[in-house]
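Visitor: One structure is given below, represented as structure tokens, and several questions about it will come after.
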Amino acid sequence: MLCPFIGQCRSRTRAVYRQTAVYRTVCCSGYTGSRCEAVCSPSCRNGGTCSSPNSCSCQSGWTGSICTLPVCPFGCANGGTCTRPRVCSCRSGWTGATCSQPVCTPSCENGGTCTSPNTCTCQNGWSGDSCNNDINECAVDNGGCHHTCHNTAGSFECRCNSGYSLASDGRTCNEPPAVPRNIVVSNVGKRTATVSWVPPPNTFPNQLTAVSAYRICASQNQFQEGNRVVTAGQQSRMYEFTNLEEYTAYFFHVAAFNSFGEGASNDPIEATTLEAAPSAAPLAVQAFPNSSYNITILWSPPPEIDRNGVIIYYEIQLTETENGTEFQWTSPELTTTRGSLHPHFHYEFRVAAHTSIGTGPFSAVETVQTLPAAPTAAPTQLRVSNFDSSTIALVWEPPPFTDRNGDIVRYHIRVTEQETQTIFEYSSTSQHYTLTSLHPYYNYVISIAAETVGVGPFTTGLLQPTMESVPSSAPGNFSMAVVNSTSILLSWSELPLPERNGVVQGYTICLTNVRNGRDTDYSAVSGPYSIVNLHPDFTYRAEVAAVTVVGAGPFSSQIEVRLPEAAPSGPPTHFSVDELSPRSITLKWGYPLEEDRNGVISGFRVRFISNNFTDLEVENATITIEEVKPFTLYYAEVAAFTMVGIGPYTVRIRVLTPEDVPSPVSTTMLEAIQGSPTQLTVQWRPPEEPNGELLAYSVCCRESTQQPLCDCDSAISVSSTSCPCGDLEQDTSYHLQAMFPVGLPHVKVIGGFSPYTNYTCFMTANTSAGESSPGIPHSSTTDESTPADEPQDIMVNSLNSTAILIQWSPPHIPNGIILFYTIYINDSITFNIIAAYQNSFMFGWLSPYQLLNVRLSASTKVGEGPLTESQSVTTDESVPGAVDNLEVLVLNDRPSTSLGPPLSPMEY
């Protein structure tokens, strides 16, 4: 059999192949031997059997791929390992078939149980690793025993002190109650006190040990109970004593009762009833001043019977009589000193004693006055006023009442003259004073102080100037210097400060024209001072005085000076244009007015202005300026001058020269327009010298073959002007092609030209004065176009019965380069189009005696021109072709022949 797939056979049947009558067994992969038994590698262990290739069937208790892993059906607990079937190898501390039993070494004693490795759980009363240590229950809370705890092996017992018996619970001993706890004395008043407590501890409560009552005692002696004893029920927790004595010390005790008797009481708690306020005032209250600012008050305590407690301090009340200000403070002593008082003020005072409960009655009111002192404030409302420039009146008010500190006996007045730093002292018993003999317009600082037993502070200095007056002297060092022929400079020194008598507002200058006696006054803020616009060659006399707001002081001594000559102060008269042409200007004028000449007129200066200034000097009152430019704006002005200098110019006049013909126009480009065979583009630059307002540009052109393009009657023009350029080198072949208005751009398209023709053109410019001379001519050829007419002199001849010859001449107006000719040949049936590149063409392969129609056209690069008229031609004849439809008939025994025409002529 064949293996069903690699590595596996479905049965152990052998596959046998015949070879020369010899059979051989071949096993599938994974099988071997004559019986093809399964192979396991490595081999199965512990009695396992190889059931299929590399697959073992293990005996009970084993598992794994080769049966080497033992099996423990109940598992091995606590980290145990299965070492052979159903046998666990336990970790240290464990034992048993499944390693679930802990091991304690040594073993647990006294009934203890091993619950985990080396861990024993002991019964009550025992402890330790193996439960072999007795627990001392008496060590914790006395084992719960009332008196004495006795430890035994694994247990304990309670015992009572002598005289007591153990109760039925085995722990409690019968005895009186303990001392109540947390005893507090509170709410202590003058005659009352409240005692509170917490019941004593009762560790083993029962009917015999329960508290049945309490006894509370208040005694004035801590070692005796006294007679204030009360009893309270078992539920009581506080008791209030009443009718106690005031401010008396008491000692309080509390004890509990049960069926066994009274227990011990607490240590005494002391409390004192409260005090009362004194019932009488202090005695022998008195006071005396120590200074202007403090007093001392003394007293004795109230009678002892009226103190009603411990006097802890005294309360003092002090009232300032003058303004009602009150002061209150306390003192633990029988004397007190009060400072920071006001000098020379009256004060009322009284004293009261104070216990912890309150204040007793005040003593009777007594009075004391502090000593006087110097005022602590300056007089107020100081007012000043001026009567004249040397007097100041003063008025003021006293210091505030609270700052006088006594009776004012006089006032001190301090005056400081700031300009000299001199101090003047005055005094007054009244509240006003007048200062006299002061310096005019001096600054005085005034302050005032009041005096009682001493002098108080001065007021803040009040700055007060005296009134101004006129200056008391003239400015010194007065001088006058000539600046030029029309101005002088005056100088002087300032007045000394004591002589100004005020603020010098300025100076008054009196200037006298000696020639005409006329006086002119000038005002100057300060010197030096310049006086201008005087007349040259005049004599002037001057003096100066200082001025305050009150008026002018005395004038200085007069100074006299004469001014020199000057340039004219007025321009020439009647300035105008006398003659004018495009290339020259003549100007004329008159002399300045007599009063403006300021000396002898030496000559004239003419300023001629275009793009720059040109100054020309002449002696006479006229000038002709040559080589000016036509149609150019000029400005002119003229001034006269003396030996000293030049005077002012006249008002500038405007001169526009007349127009002239322009300079030649420069043509910069003349070229054909692609696709526009009848137009040219012309570009030019305006004339370098337009010499006027340009009116138009003209373009004149001719064919370069010297053949006229047009005459003046048919020229393309924007006006009816005849050709303006016919005299160019006596050549009349130039004609006006176009005229253009002036404006941008300087490029135009002109038309009316023949295609593919060379032209020479030049340009001119026009002003109102005429036309410019021609510019340099430029040449250009117009672009090609389609031919304007058909080929000429066409001849069509038959060469034989199968060919014709066509001959022709080019068109008269080809409008470009003829690239080829197109021949159209047709008969009644066919139509042929043929391109020819010469002026003749032979057309063959025709039929004999064939009628043909022939037409021609010429073509440039732009396109095809018009066709010629149709011309007809017939090829020559030839012999006929074979007879068609030959028939032979026998009629009456005689043959008869019938035939049609030849199918076609014979072709050669």
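Yeah, the Cβs are placed from backbone N, Cα and C, and that goes for glycine too.
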Visitor: Quick one: which of C40, C58 does TrEMBL link to C50 by a disulfide?
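Guide: According to TrEMBL, the disulfide partner of C50 among C40, C58 is C40.
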Visitor: Could you pull the disulfide partner of C122 out of C114, C131, going by TrEMBL?
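Guide: That record, TrEMBL, gives the partner as C131.
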Visitor: With C67 as one half of a disulfide in TrEMBL, pick the other half from C58, C76.
Guide: C58
Visitor: Looking only at C99, C114, which is named in TrEMBL as the disulfide mate of C104?
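Guide: Matching partner in the record: C114.
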Visitor: Sequence gap of 6 or more, Cβ distance under 8 Å: name the residues on the same chain that satisfy this around C104 (disulfide bond), in order along the sequence.
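Guide: Those within reach of C104 (disulfide bond), by Cβ under 8 Å and sequence separation of 6 or more, are C114, P117, N118, T119, C120, S130.
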Visitor: Which has the fewest other CB atoms in a 10 Å radius around its CB: C50, C131, the listed disulfide-bonded residues?
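Guide: Across C50, C131, these disulfide-bonded residues, the one with fewest Cβ atoms within 10 Å is C50.
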Visitor: How about long-range neighbours of the region 'Disordered' (768-791): same chain, 6 or more residues beyond its ends, C-beta under 8 Å?
Guide: 582, 630, 658-667, 669-680, 684, 687, 691-693, 695, 698, 700, 704, 724-725, 728, 753-762, 808-818, 821, 856-868
Visitor: Compute the C-alpha separation of C131 (disulfide bond) from C67 (disulfide bond), stating it in Å without decimals.
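Guide: Checking the Cα atoms of C131 (disulfide bond) and C67 (disulfide bond) gives a distance of 48 Å.
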Visitor: List the helix, strand and coil residue totals of the domain 'Fibronectin type-III' (790-878) as derived from DSSP.
Guide: 0 helix, 47 strand, 42 coil
Visitor: Near C40 (disulfide bond), how many other Cβ atoms are within 10 Å of its Cβ?
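Guide: The answer is 19.
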Visitor: Any idea what the model's mean pLDDT is for the domain 'Fibronectin type-III' (281-373)?
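Guide: Averaging the confidence scores along the domain 'Fibronectin type-III' (281-373) gives 92.
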Visitor: State the Cα to Cα distance, in Å, between C58 (disulfide bond) and C50 (disulfide bond), rounded to an integer.
Guide: 9
Visitor: Counting each residue once, how many in the domain 'Fibronectin type-III' (281-373) are helix, strand and coil under DSSP?
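Guide: Counting residues per DSSP class in the domain 'Fibronectin type-III' (281-373), I get 3 helix, 45 strand, 45 coil.
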Visitor: Between C50 (disulfide bond) and C122 (disulfide bond), what is the CA-CA distance rounded to a whole number of Å?
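Guide: For C50 (disulfide bond) versus C122 (disulfide bond), the Cα atoms are 57 Å apart.
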